[in-house]
Amino acid sequence: MKLSLSSSPHQRVKRDTGQVMRMVIYAMIPGMIAQSLFFGWGMLIQSVIAVISALVFEGLILYLRNRPIERTLTDYSAVLTGLLIAISIPPTLPWWMTVTGVFFAIAVAKQVYGGLGFNIFNPAMIAYVVLLISFPAAMSLWLPPTTHAGITPSFFDSFSLIFTGFTTSGYDVTQLKTIADGVTMATPLDTLKTGLTQGVTYSESLTKPIFDGGFFEAAGAGWGIVSIAYLLGGLYLWKTRIISWHIPGGMLISVFVCASLLHLVNADYYASPLFHLFNGAVMVGAFFIATDPVSASTTPKGRIIFGAAIGFWIVIIRTFGGYPDAVAFAVIIMNMAVPLIDYYTRPRVYGKNADKGRGKY
Amino acid sequence: MTDFRDLSLQGLWKNNPALVQLLGLCPLLAVTATFINGLGLGLATMLVLIGSNVTVSLVRNLVRNEIRIPVFVMIIAAFVTIIQLIMNAFTYELYLALGIFIPLIVTNCAIIGRAEAFASKNGPLASAYDGLMMGLGFTAVLVILGGMREILGAGTLLAGADRLFGPIAENWTVVLFSTENPFLLAVLPPGAFLGMGLLIAIKNIIDAKIAAQQTVTTEKAARVRVTAES
């Protein structure tokens, strides 16, 4: 009889990297369904483009670096990075921009630093930021949700928009955007931002058509539901202990507190906390992006600080910065601070400095 | 005597001020958005470097050691002022485009580094040659980086060549491709850092290849000389 001897812990859940990554991908499914219901087929086509190019770049660079290709490709980390990029970019982005973003995520942000486990920055967010500062116009072209759009691009329309820039009937994205009664519709965050620069108050912005028909007003049509769907997926991840509550909890509470403080100071100028929580990428960011086990803080206390600081930066950059959304910037800023946070929040080794509390004996 | 071949190798490759010494990175990263800007600043830096190296070398036995740094800085500042006035007179548009980075050549550590490390210990001829080679090495990096960023970011090469070479160069601009969505990252500061890192990496790869070849040859040679010791 063979007895296996090992040191504690004796009971453990056996999950390898691939399983964890797959479960995160499953948890994204509700959000992705909601997103494609409200924003069309584009996101699914982008997912295919992003995942395929992520696998190709990863394989290519592993080959150049003489690393095992098959084992790394089957850990699904590249697939997850591709999917995270696909859900955060506008669904009608030209395909070569998506591929450029994926290249920066996989080749520069991940493999140059040494591959999975060594990257100090979240690869998907690096891709997003590279695309945002390189192609600011294309990256802010979101079509209005299908509930509000005059014309919803069909599957073939989305396909041809991504690959040629025009629908099968010859419209480009800007035309599709303005076609609903000749009124341009931007994302809720964009609407608020442009409104404020034109002297339109927050409450006046809320009367714009983009805020009709949300499940509650401030969330904006479509966006609120998508956020809720990602929240559900995130709760599943927490329930199955893929992620701990520390980062999402710290981040969401911090967004809520920071936004509430500003909103209480001047409700005309600063959006309500619910607006901040359920618009843009806060929910996806809290559960799927900030919780990246490689680039996030690793100590429990550090994770709360990490999450809370991300939430703080999101509200600050959204309110006072130049870009409407800020999750990517906030995550990357805090990625840089992780070594410092980890250094100051190291758990005390059991027994070390024990006599400090008890006095000498 | 001074080995001019070694001086050239040091300046252009082995001890390149930008790629190896990593000196003068601030102007290097700031102005290399286009090929011509890089070339303009590179030439200006090279002229200052030659002038200051010769002058420092000539006065090296007159200046007391305790006050050498202020004297060097004043010599460099004088040459930078000369270059600045010349550029203001003859290449006014380039002068505007480079802006604050022309007077900032004074603070380029590569120049005072060469004054301290080389010119204050060697004769004027060797110092002038060292200045020329260091300046060429610096200019080469500026030009390559500027070219890379201009091609990626705007799809052109030699845009604005008339700023440096006068009206004769007005249609030297090579348009490689035109796009409605230029890759702004390459033109923005992050592009400079990424490009610089890439250049250093390429240089390291080449060095590693050369070193690998050399060890192969020396190993073969070493086998002949094996003695009881080894």
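One is the number of the first residue shown, and numbering goes on along the chain from there.
Each Cβ is built from the backbone N, Cα and C atoms, and glycine gets one as well.
Nobody curates TrEMBL annotations by hand; they come from automatic prediction.
These come from TrEMBL:
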type: TRANSMEM; residues: A:20-38; note: transmembrane segment
type: TRANSMEM; residues: A:44-64; note: transmembrane segment
type: TRANSMEM; residues: A:73-89; note: transmembrane segment
type: TRANSMEM; residues: A:95-113; note: transmembrane segment
type: TRANSMEM; residues: A:125-143; note: transmembrane segment
type: MOD_RES; residues: A:T187; note: FMN phosphoryl threonine
type: TRANSMEM; residues: A:218-238; note: transmembrane segment
type: TRANSMEM; residues: A:245-264; note: transmembrane segment
type: TRANSMEM; residues: A:270-290; note: transmembrane segment
type: TRANSMEM; residues: A:302-320; note: transmembrane segment
type: TRANSMEM; residues: A:326-344; note: transmembrane segment
**Asked** With every protein chain in view, how many other Cβ atoms are within 10 Å of the Cβ of A:T187 (FMN phosphoryl threonine)?
**Response** 23
**Item:** Contacting positions for the transmembrane segment (A:245-264) when only residues 6+ beyond its ends and CB under 8 Å are counted
**Value:** 234, 238, 270-273, 275-277, 282, 285-287, 290-291, 296-297, 300, 303-312, 314-316, 319
**Item:** Distal contacts, the transmembrane segment (A:125-143) - CB-CB under 8 A, six or more residues away
**Value:** 39-40, 42, 81, 85, 88-94, 97, 100-102, 104-105, 108-109, 149, 153, 173-174, 176-177, 186-187, 190, 289, 323-324, 327-329, 331-332, 335
**Message:** How about long-range neighbours of the transmembrane segment (A:302-320): same chain, 6 or more residues beyond its ends, C-beta under 8 Å?
**Reply:** 189, 244, 246-259, 262, 270-271, 276, 280, 282, 285-286, 290, 296, 326-327, 329-331, 333-334, 337-338, 341-342, 344-345
**Interface present between the transmembrane segment (A:218-238) and the transmembrane segment (A:73-89) (three or more C-beta pairs under 8 A)** = no
